[in-house]
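Features reported for this protein in TrEMBL:
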{"type": "DOMAIN", "residues": "22-112", "note": "domain 'Transposase InsH N-terminal'"}
{"type": "DOMAIN", "residues": "140-314", "note": "domain 'Transposase IS4-like'"}
{"type": "REGION", "residues": "153-173", "note": "region 'Disordered'"}
{"type": "COMPBIAS", "residues": "156-165", "note": "compositional bias 'Basic and acidic residues'"}
Amino acid sequence: MEQLSFSDLEISLRRKTRKTRTERLTERLEKLVPWSDLLELIQPFYYESGRRGRQPFPLELMLRIHLLQIVYNMSDPQMEDFLHENSTARKFVGLALADRTPDESTILQFRHLLEKHNLGKQVLERVNDGIAAAGLMLSKGRIVDASFIEAPSSTKNRDHKRDPEMASGKKGNTWHFGMKMHVATDDLIGIVTNAVYGPANEHDISRARELIPSETEQVYGDAGYVGMEKREEFQTDKEAEKREYRINLRPGVLKGRSAEDLVRRVEHLKSSVRCKVEHVFARVKLQMSYRKTRYRGLAKNAHRINTMLALCNLFTVDCFLRRLKA
């Protein structure tokens, strides 16, 4: 971090009655994100400095901008404006007031670099490795679920077509056009262990095998996963015979049963564990506002969501540890 200028020092010494939301968020990111691990992961693919022409911005600065952009779900132009307008954001990424700010094309090129080398998936894996090293991923149970991410259905674009990699899927009586994110979490804390993506017309159960490692001892899921263990891909899994499938029954089976009925109480216990995966969707869609795809195609959106899930895991672990201390 460079030495503070007089203008930076003046702003930092101003008396405030409370911290802003951006200050609280950046302090939390500073503490939770394993910066050295992520920099080590991305460094081999980043541009070399010292060559002729304009020098690239420092890798750590661009990584901090990228993560801040994802948390706030901003476009590249919005992120550039945010850095110009918000002194707290500039301080977090390492920019003094007099420093040159990366423009939207620089932010775009850094994102394309990460997408090209599929680093979003590797960021999620690297974060999970750190969580496992801290002894917080001891459970061998998994919770699986899927959720729609809407995509623009309008044809008012250059090609006059919808995104060909998206599709229409139905849930209840409502149709959704877009993609579907399939995730698996552990059944103790709710840490996302794996995620795969497909068009919205895929059934939840069709990608379940990709989410569940062979050593999994028990699996939780909603009624969309009924009969999972009978599918061919699970029949060929030798470990599947020992696995316990705790799948919720369909709503019609419980119709007419009282609240004290044993079957209903068992279903309530299953749901009390399974709800952890719903917290993941809440973080992605409500806290990070990713209810609609920002890019065309599955790959770019998958990269962004994988990085979001890595941040979600860090926030989830932080909340879990706070509850233990309380």
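Cβ atoms are placed via backbone N, Cα and C, with glycine included.
Values in this document were obtained by computation on a predicted structure and should not be read as measured data.
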Task: Work out, from DSSP, the number of helix, strand and coil residues along the compositional bias 'Basic and acidic residues' (156-165).
output: 0 helix, 0 strand, 10 coil
- request: Determine how many residues of the domain 'Transposase InsH N-terminal' (22-112) DSSP places in helix, in strand and in coil.
  value: 62 helix, 0 strand, 29 coil
Field: Segment confidence, the domain 'Transposase IS4-like' (140-314), expressed as mean pLDDT
entry: 91
